[in-house]
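To start, the structure itself, in C-alpha coordinates.
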Ligand SMILES: *Cc1c(COP(=O)(O)O)cnc(C)c1O
(Lines of atoms letter the chains of each structure in order from A and count residues from 1; the text may use other names and numbers.)
(Lines give C-alpha, C1' and ligand atoms only; values in the text may rest on other atoms or scores of the structure.)
Protein backbone atom coordinates (compact mmCIF):
# COMPACT_ATOMS: atom_id res chain seq x y z
CA UNK A 1 0.00 0.00 0.00
CA UNK A 2 1.49 3.32 -1.12
CA UNK A 3 -1.21 5.52 0.42
CA UNK A 4 -1.25 6.94 3.93
CA UNK A 5 -4.80 5.80 4.69
CA UNK A 6 -7.49 3.47 3.33
CA UNK A 7 -11.28 3.32 3.29
CA UNK A 8 -13.18 0.06 3.80
CA UNK A 9 -16.87 -0.22 2.91
CA UNK A 10 -18.93 -2.74 4.86
CA UNK A 11 -21.56 -4.71 2.95
CA UNK A 12 -23.22 -5.98 6.15
CA UNK A 13 -23.47 -2.46 7.60
CA UNK A 14 -25.12 -1.25 4.40
CA UNK A 15 -27.55 -4.18 4.45
CA UNK A 16 -28.50 -3.32 8.04
CA UNK A 17 -29.15 0.33 7.15
CA UNK A 18 -31.17 -0.48 4.03
CA UNK A 19 -33.28 -2.95 6.03
CA UNK A 20 -33.86 -0.26 8.63
CA UNK A 21 -34.88 2.29 5.99
CA UNK A 22 -37.24 -0.14 4.25
CA UNK A 23 -38.91 -1.07 7.53
CA UNK A 24 -39.29 2.57 8.48
CA UNK A 25 -40.63 3.59 5.05
CA UNK A 26 -43.15 0.76 5.15
CA UNK A 27 -44.46 -1.79 2.67
CA UNK A 28 -44.80 -0.69 -0.90
CA UNK A 29 -42.70 2.43 -0.50
CA UNK A 30 -39.81 2.44 -2.96
CA UNK A 31 -36.40 3.58 -1.82
CA UNK A 32 -34.21 5.68 -4.04
CA UNK A 33 -30.61 5.60 -2.91
CA UNK A 34 -29.15 9.12 -3.04
CA UNK A 35 -25.54 8.91 -4.21
CA UNK A 36 -24.66 12.45 -5.17
CA UNK A 37 -21.32 13.81 -3.92
CA UNK A 38 -19.60 10.58 -5.02
CA UNK A 39 -22.00 8.56 -2.86
CA UNK A 40 -21.27 10.88 0.08
CA UNK A 41 -17.58 10.14 -0.33
CA UNK A 42 -17.98 6.37 -0.41
CA UNK A 43 -17.33 6.19 -4.18
CA UNK A 44 -20.16 5.70 -6.72
CA UNK A 45 -18.47 2.86 -8.63
CA UNK A 46 -18.13 0.64 -5.57
CA UNK A 47 -21.27 1.77 -3.82
CA UNK A 48 -23.78 1.11 -6.62
CA UNK A 49 -23.12 -2.67 -6.84
CA UNK A 50 -23.10 -2.85 -3.02
CA UNK A 51 -26.49 -1.14 -2.83
CA UNK A 52 -27.86 -3.38 -5.58
CA UNK A 53 -26.71 -6.40 -3.58
CA UNK A 54 -28.66 -4.96 -0.64
CA UNK A 55 -31.80 -4.77 -2.79
CA UNK A 56 -31.75 -1.20 -4.13
CA UNK A 57 -32.92 -0.69 -7.72
CA UNK A 58 -33.23 3.10 -7.95
CA UNK A 59 -30.55 5.77 -7.56
CA UNK A 60 -30.64 9.57 -7.32
CA UNK A 61 -27.74 11.73 -8.40
CA UNK A 62 -27.11 15.43 -8.80
CA UNK A 63 -25.65 15.58 -12.27
CA UNK A 64 -25.29 13.83 -15.62
CA UNK A 65 -21.68 12.78 -15.01
CA UNK A 66 -22.80 10.94 -11.88
CA UNK A 67 -25.70 9.36 -13.78
CA UNK A 68 -23.20 8.10 -16.36
CA UNK A 69 -21.23 6.41 -13.57
CA UNK A 70 -24.41 4.69 -12.37
CA UNK A 71 -25.30 3.54 -15.88
CA UNK A 72 -21.82 2.06 -16.16
CA UNK A 73 -21.53 0.49 -12.71
CA UNK A 74 -25.04 -0.96 -12.19
CA UNK A 75 -25.40 -4.69 -12.79
CA UNK A 76 -29.12 -5.28 -12.22
CA UNK A 77 -30.88 -2.83 -14.54
CA UNK A 78 -31.25 -0.20 -11.83
CA UNK A 79 -32.80 3.14 -12.71
CA UNK A 80 -31.16 6.50 -12.16
CA UNK A 81 -32.67 9.94 -11.66
CA UNK A 82 -30.87 13.27 -12.07
CA UNK A 83 -32.15 15.71 -9.43
CA UNK A 84 -30.01 18.56 -10.62
CA UNK A 85 -27.87 19.49 -13.57
CA UNK A 86 -27.65 18.26 -17.13
CA UNK A 87 -26.48 20.14 -20.23
CA UNK A 88 -28.88 20.31 -23.18
CA UNK A 89 -26.22 18.42 -25.17
CA UNK A 90 -26.67 15.39 -22.89
CA UNK A 91 -30.47 15.30 -22.96
CA UNK A 92 -30.57 12.86 -25.85
CA UNK A 93 -28.15 10.58 -24.01
CA UNK A 94 -30.48 10.70 -21.00
CA UNK A 95 -33.52 9.85 -23.14
CA UNK A 96 -31.77 6.96 -24.87
CA UNK A 97 -30.54 5.51 -21.56
CA UNK A 98 -33.87 5.86 -19.73
CA UNK A 99 -32.25 8.28 -17.31
CA UNK A 100 -34.96 10.12 -15.35
CA UNK A 101 -34.86 13.90 -15.01
CA UNK A 102 -36.15 16.41 -12.47
CA UNK A 103 -38.04 19.12 -14.34
CA UNK A 104 -37.79 22.42 -12.49
CA UNK A 105 -38.17 24.86 -15.35
CA UNK A 106 -40.23 25.13 -18.51
CA UNK A 107 -37.25 25.46 -20.82
CA UNK A 108 -35.92 22.09 -19.74
CA UNK A 109 -39.37 20.53 -20.20
CA UNK A 110 -39.94 21.97 -23.67
CA UNK A 111 -36.46 21.10 -24.95
CA UNK A 112 -36.68 17.51 -23.76
CA UNK A 113 -40.22 16.98 -25.09
CA UNK A 114 -39.22 18.32 -28.50
CA UNK A 115 -36.12 16.16 -28.53
CA UNK A 116 -38.17 13.09 -27.58
CA UNK A 117 -40.70 13.90 -30.32
CA UNK A 118 -37.98 14.27 -32.91
CA UNK A 119 -36.45 10.92 -31.95
CA UNK A 120 -39.80 9.16 -31.53
CA UNK A 121 -38.83 8.39 -27.94
CA UNK A 122 -40.05 9.18 -24.44
CA UNK A 123 -38.33 11.27 -21.81
CA UNK A 124 -38.76 10.09 -18.21
CA UNK A 125 -39.62 13.07 -16.07
CA UNK A 126 -40.28 14.05 -12.48
CA UNK A 127 -42.06 17.36 -12.00
CA UNK A 128 -40.24 19.15 -9.19
CA UNK A 129 -42.70 21.49 -7.50
CA UNK A 130 -41.64 24.65 -5.71
CA UNK A 131 -43.31 24.53 -2.29
CA UNK A 132 -41.34 27.04 -0.25
CA UNK A 133 -37.65 26.17 -0.28
CA UNK A 134 -37.19 28.76 -3.01
CA UNK A 135 -34.30 27.03 -4.67
CA UNK A 136 -35.43 24.87 -7.59
CA UNK A 137 -38.93 23.91 -8.66
CA UNK A 138 -41.95 24.89 -10.75
CA UNK A 139 -43.99 27.80 -9.42
CA UNK A 140 -47.77 27.53 -9.67
CA UNK A 141 -48.08 29.47 -12.94
CA UNK A 142 -45.22 27.45 -14.43
CA UNK A 143 -46.93 24.25 -13.38
CA UNK A 144 -50.03 25.27 -15.33
CA UNK A 145 -47.89 25.94 -18.38
CA UNK A 146 -46.12 22.61 -17.87
CA UNK A 147 -49.49 20.86 -17.89
CA UNK A 148 -50.27 22.53 -21.24
CA UNK A 149 -46.94 21.34 -22.63
CA UNK A 150 -47.54 17.78 -21.48
CA UNK A 151 -50.94 17.83 -23.19
CA UNK A 152 -49.28 19.03 -26.38
CA UNK A 153 -46.82 16.09 -26.42
CA UNK A 154 -48.83 13.21 -24.94
CA UNK A 155 -46.66 10.45 -26.46
CA UNK A 156 -43.28 11.92 -25.66
CA UNK A 157 -42.90 11.36 -21.92
CA UNK A 158 -43.39 9.02 -18.99
CA UNK A 159 -44.41 10.92 -15.89
CA UNK A 160 -42.27 8.97 -13.45
CA UNK A 161 -42.84 11.28 -10.56
CA UNK A 162 -43.97 14.46 -8.88
CA UNK A 163 -41.80 15.68 -6.06
CA UNK A 164 -40.50 18.44 -3.83
CA UNK A 165 -37.70 18.94 -1.31
CA UNK A 166 -37.96 20.31 2.24
CA UNK A 167 -35.97 23.25 3.54
CA UNK A 168 -34.51 21.69 6.67
CA UNK A 169 -36.52 18.73 8.02
CA UNK A 170 -33.55 17.82 10.26
CA UNK A 171 -34.25 20.65 12.69
CA UNK A 172 -37.38 21.40 14.71
CA UNK A 173 -36.55 25.08 14.23
CA UNK A 174 -37.91 24.69 10.69
CA UNK A 175 -41.13 22.93 11.75
CA UNK A 176 -43.57 25.60 10.56
CA UNK A 177 -41.81 25.96 7.25
CA UNK A 178 -41.79 22.21 6.53
CA UNK A 179 -45.47 21.93 7.54
CA UNK A 180 -46.38 24.69 5.16
CA UNK A 181 -44.41 22.96 2.38
CA UNK A 182 -46.33 19.72 2.96
CA UNK A 183 -49.57 21.66 2.71
CA UNK A 184 -48.44 23.49 -0.41
CA UNK A 185 -47.31 20.24 -2.06
CA UNK A 186 -50.77 18.70 -1.53
CA UNK A 187 -52.46 21.76 -2.96
CA UNK A 188 -50.32 21.72 -6.10
CA UNK A 189 -50.74 18.02 -6.73
CA UNK A 190 -54.52 18.51 -6.58
CA UNK A 191 -54.05 20.87 -9.50
CA UNK A 192 -52.45 18.01 -11.40
CA UNK A 193 -55.24 15.55 -10.59
CA UNK A 194 -57.80 18.07 -11.79
CA UNK A 195 -56.07 17.83 -15.16
CA UNK A 196 -56.01 14.03 -14.91
CA UNK A 197 -52.25 13.95 -14.73
CA UNK A 198 -51.06 11.20 -12.43
CA UNK A 199 -47.44 10.31 -11.77
CA UNK A 200 -46.15 6.82 -11.09
CA UNK A 201 -44.45 7.97 -7.88
CA UNK A 202 -44.93 10.85 -5.51
CA UNK A 203 -41.81 11.49 -3.49
CA UNK A 204 -40.83 14.27 -1.11
CA UNK A 205 -38.92 12.73 1.80
CA UNK A 206 -35.16 12.89 2.41
CA UNK A 207 -33.68 11.06 5.43
CA UNK A 208 -34.81 13.62 8.00
CA UNK A 209 -38.35 13.86 6.63
CA UNK A 210 -38.61 10.06 6.48
CA UNK A 211 -37.80 9.88 10.19
CA UNK A 212 -39.58 12.95 11.53
CA UNK A 213 -42.54 13.58 9.18
CA UNK A 214 -44.18 10.21 8.35
CA UNK A 215 -46.79 11.87 6.12
CA UNK A 216 -44.02 12.81 3.65
CA UNK A 217 -43.16 9.19 2.76
CA UNK A 218 -45.78 8.75 -0.02
CA UNK A 219 -44.75 6.22 -2.77
CA UNK A 220 -41.00 6.70 -2.66
CA UNK A 221 -38.33 8.14 -0.35
CA UNK A 222 -35.01 9.64 -1.45
CA UNK A 223 -32.56 8.57 1.19
CA UNK A 224 -28.95 9.66 1.41
CA UNK A 225 -27.21 9.99 4.74
CA UNK A 226 -29.14 7.26 6.64
CA UNK A 227 -28.01 4.50 4.29
CA UNK A 228 -24.38 5.34 5.02
CA UNK A 229 -25.09 4.89 8.72
CA UNK A 230 -25.49 8.46 9.93
CA UNK A 231 -28.50 10.38 11.19
CA UNK A 232 -28.78 13.81 9.53
CA UNK A 233 -28.51 15.45 12.94
CA UNK A 234 -28.46 14.43 16.58
CA UNK A 235 -31.92 15.93 16.80
CA UNK A 236 -33.27 13.51 14.17
CA UNK A 237 -31.79 10.55 16.08
CA UNK A 238 -33.46 11.75 19.30
CA UNK A 239 -36.72 12.22 17.41
CA UNK A 240 -36.47 8.60 16.23
CA UNK A 241 -35.56 7.17 19.65
CA UNK A 242 -38.14 9.24 21.55
CA UNK A 243 -40.80 6.52 21.78
CA UNK A 244 -38.53 3.48 21.51
CA UNK A 245 -37.70 1.07 24.31
CA UNK A 246 -34.28 0.34 22.87
CA UNK A 247 -32.26 3.54 22.85
CA UNK A 248 -29.37 2.31 20.73
CA UNK A 249 -28.56 3.82 17.34
CA UNK A 250 -30.16 1.44 14.79
CA UNK A 251 -27.63 2.25 12.06
CA UNK A 252 -24.12 0.98 11.32
CA UNK A 253 -21.32 2.95 9.70
CA UNK A 254 -20.62 1.66 6.20
CA UNK A 255 -17.34 3.49 5.90
CA UNK A 256 -14.21 2.77 7.92
CA UNK A 257 -11.36 5.20 7.36
CA UNK A 258 -8.06 3.99 8.74
CA UNK A 259 -4.45 4.97 8.91
CA UNK A 260 -1.46 3.95 11.08
CA UNK A 261 0.73 5.73 13.60
CA UNK A 262 3.74 7.12 11.76
CA UNK A 263 5.84 8.19 14.75
CA UNK A 264 5.58 8.95 18.47
CA UNK A 265 7.16 11.68 20.59
CA UNK A 266 7.51 12.64 24.27
CA UNK A 267 6.67 16.20 25.35
CA UNK A 268 7.08 17.87 28.76
CA UNK A 269 4.57 19.87 30.77
CA UNK A 270 4.10 23.38 29.43
CA UNK A 271 5.40 22.73 25.90
CA UNK A 272 3.38 23.80 22.87
CA UNK A 273 2.64 21.05 20.36
CA UNK A 274 2.49 21.53 16.57
CA UNK A 275 2.08 24.87 14.78
CA UNK A 276 1.45 27.92 16.95
CA UNK A 277 0.15 27.92 20.47
CA UNK A 278 -3.30 26.31 20.25
CA UNK A 279 -2.24 23.30 22.33
CA UNK A 280 -0.02 23.19 25.39
CA UNK A 281 0.79 19.90 27.13
CA UNK A 282 -0.79 20.05 30.61
CA UNK A 283 1.41 17.17 31.77
CA UNK A 284 4.36 15.17 30.51
CA UNK A 285 2.83 13.22 27.67
CA UNK A 286 3.33 11.09 24.61
CA UNK A 287 2.04 12.05 21.21
CA UNK A 288 1.26 10.08 18.05
CA UNK A 289 1.82 11.54 14.61
CA UNK A 290 -0.71 10.26 12.02
CA UNK A 291 -0.16 10.84 8.28
CA UNK A 292 -3.60 12.30 7.47
CA UNK A 293 -4.46 16.00 7.24
CA UNK A 294 -6.72 18.42 5.44
CA UNK A 295 -5.22 17.41 2.10
CA UNK A 296 -6.68 13.96 2.79
CA UNK A 297 -10.06 15.42 3.73
CA UNK A 298 -9.58 15.64 7.52
CA UNK A 299 -11.19 19.04 8.12
CA UNK A 300 -9.26 21.83 9.86
CA UNK A 301 -12.47 22.35 11.86
CA UNK A 302 -11.34 19.28 13.79
CA UNK A 303 -8.24 21.03 15.17
CA UNK A 304 -8.25 20.36 18.94
CA UNK A 305 -11.70 18.74 18.42
CA UNK A 306 -11.36 15.48 16.54
CA UNK A 307 -11.29 12.01 18.07
CA UNK A 308 -9.63 8.85 16.76
CA UNK A 309 -9.45 5.24 17.93
CA UNK A 310 -6.09 3.68 18.78
CA UNK A 311 -5.59 0.44 20.75
CA UNK A 312 -9.36 0.27 21.33
CA UNK A 313 -9.39 3.68 23.05
CA UNK A 314 -10.93 6.97 22.04
CA UNK A 315 -8.20 9.63 21.93
CA UNK A 316 -8.10 13.36 21.17
CA UNK A 317 -6.62 15.17 18.22
CA UNK A 318 -4.46 17.95 19.65
CA UNK A 319 -3.26 21.15 18.00
CA UNK A 320 -4.17 22.23 14.50
CA UNK A 321 -4.87 19.83 11.65
CA UNK A 322 -1.92 20.16 9.24
CA UNK A 323 -1.94 19.56 5.51
CA UNK A 324 -0.79 15.94 5.85
CA UNK A 325 -0.59 15.26 9.58
CA UNK A 326 -2.59 15.21 12.78
CA UNK A 327 -1.26 14.78 16.32
CA UNK A 328 -2.99 12.60 18.91
CA UNK A 329 -2.57 12.56 22.69
CA UNK A 330 -1.53 9.02 23.71
CA UNK A 331 -1.88 9.52 27.47
CA UNK A 332 -4.72 6.96 27.69
CA UNK A 333 -2.92 4.44 25.42
CA UNK A 334 0.69 4.17 26.64
CA UNK A 335 1.07 0.84 24.81
CA UNK A 336 0.57 2.44 21.36
CA UNK A 337 3.46 2.02 18.92
CA UNK A 338 4.33 3.24 15.42
CA UNK A 339 2.48 1.06 12.89
CA UNK A 340 -0.60 0.64 15.11
CA UNK A 341 -3.98 1.13 13.46
CA UNK A 342 -5.69 4.53 13.76
CA UNK A 343 -9.42 4.67 13.01
CA UNK A 344 -10.51 8.12 11.82
CA UNK A 345 -14.14 7.17 11.04
CA UNK A 346 -15.70 3.81 11.91
CA UNK A 347 -15.16 1.15 14.57
CA UNK A 348 -12.39 -0.52 16.50
CA UNK A 349 -13.35 -3.06 19.13
CA UNK A 350 -16.52 -1.87 20.87
CA UNK A 351 -15.96 1.79 20.13
CA UNK A 352 -16.89 3.76 17.09
CA UNK A 353 -16.32 7.25 15.77
CA UNK A 354 -19.14 8.78 13.80
CA UNK A 355 -18.33 11.99 12.06
CA UNK A 356 -20.88 13.67 14.29
CA UNK A 357 -19.08 12.63 17.44
CA UNK A 358 -16.28 14.93 16.39
CA UNK A 359 -18.45 17.71 17.72
CA UNK A 360 -21.88 19.14 17.20
CA UNK A 361 -20.72 22.59 16.24
CA UNK A 362 -22.06 22.17 12.74
CA UNK A 363 -24.85 19.88 11.61
CA UNK A 364 -23.50 19.80 8.10
CA UNK A 365 -20.19 18.32 9.20
CA UNK A 366 -21.22 14.71 8.49
CA UNK A 367 -22.22 15.52 4.95
CA UNK A 368 -19.30 17.81 4.27
CA UNK A 369 -16.57 15.66 5.75
CA UNK A 370 -17.77 12.53 3.98
CA UNK A 371 -18.11 14.13 0.56
CA UNK A 372 -14.68 15.69 0.86
CA UNK A 373 -12.90 12.37 1.30
CA UNK A 374 -10.65 12.41 -1.76
CA UNK A 375 -11.11 9.80 -4.46
CA UNK A 376 -7.38 9.16 -4.29
CA UNK A 377 -7.78 7.29 -0.98
CA UNK A 378 -8.06 3.60 -1.94
CA UNK A 379 -11.41 2.01 -1.17
CA UNK A 380 -12.29 -1.63 -0.81
CA UNK A 381 -15.44 -3.56 -0.02
CA UNK A 382 -15.40 -5.85 3.02
CA UNK A 383 -18.12 -8.21 4.25
C1 LIG B 1 -29.45 15.22 -1.02
C2 LIG B 1 -30.88 15.10 -1.32
C3 LIG B 1 -31.66 14.12 -0.70
C4 LIG B 1 -31.11 13.18 0.37
O5 LIG B 1 -30.78 13.88 1.54
P6 LIG B 1 -30.36 13.10 2.90
O7 LIG B 1 -30.50 14.11 3.96
O8 LIG B 1 -28.93 12.70 2.71
O9 LIG B 1 -31.25 11.93 3.01
C10 LIG B 1 -32.99 14.01 -1.07
N11 LIG B 1 -33.52 14.85 -2.01
C12 LIG B 1 -32.80 15.80 -2.63
C13 LIG B 1 -33.45 16.68 -3.65
C14 LIG B 1 -31.46 15.97 -2.29
O15 LIG B 1 -30.76 16.93 -2.89
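Note that the numbers count up from 1, one per residue, in the order the chain is shown.
Here the Cβ of each residue, glycine as well, is placed from N, Cα and C on the backbone.
No curator has checked TrEMBL annotations; they are predicted automatically.
Remember, it's a predicted structure, so these values are computed and weren't measured experimentally.
Sequence annotations record features per position, and here TrEMBL assigns active site, proton acceptor to 36 (among others). According to DSSP, residue 36 (active site, proton acceptor) sits within a helical segment. Taking the Cβ of residue 36 (active site, proton acceptor) as centre and 10 Å as the limit, one finds 18 other Cβ atoms among all the protein chains shown.
Under a cutoff of 8 A between CB atoms, and with a sequence separation of 6+ in the same chain, the neighbours of residue 275 (active site, proton acceptor) are 319, 320, 322. Feature annotation from TrEMBL assigns active site, proton acceptor to 275 (among others).
Among the features that TrEMBL reports, substrate binding site is placed at 135, 323. Following the DSSP three-state reduction, the secondary structure of residue 135 (substrate binding site) is coil. Counting only residues at least six positions away in the same chain, the Cβ atoms of 165, 167 sit under 8 Å from the Cβ of residue 135 (substrate binding site).
Annotation comment: TrEMBL describes 254-382 as domain 'Alanine racemase C-terminal'.
Look at TrEMBL and you will find 36 tagged as N6-(pyridoxal phosphate)lysine.
According to DSSP, residue 275 (active site, proton acceptor) is assigned to coil rather than to any helix or strand. Rounded to the nearest whole angstrom, the C-alpha distance between residue 36 (active site, proton acceptor) and residue 323 (substrate binding site) is 26.
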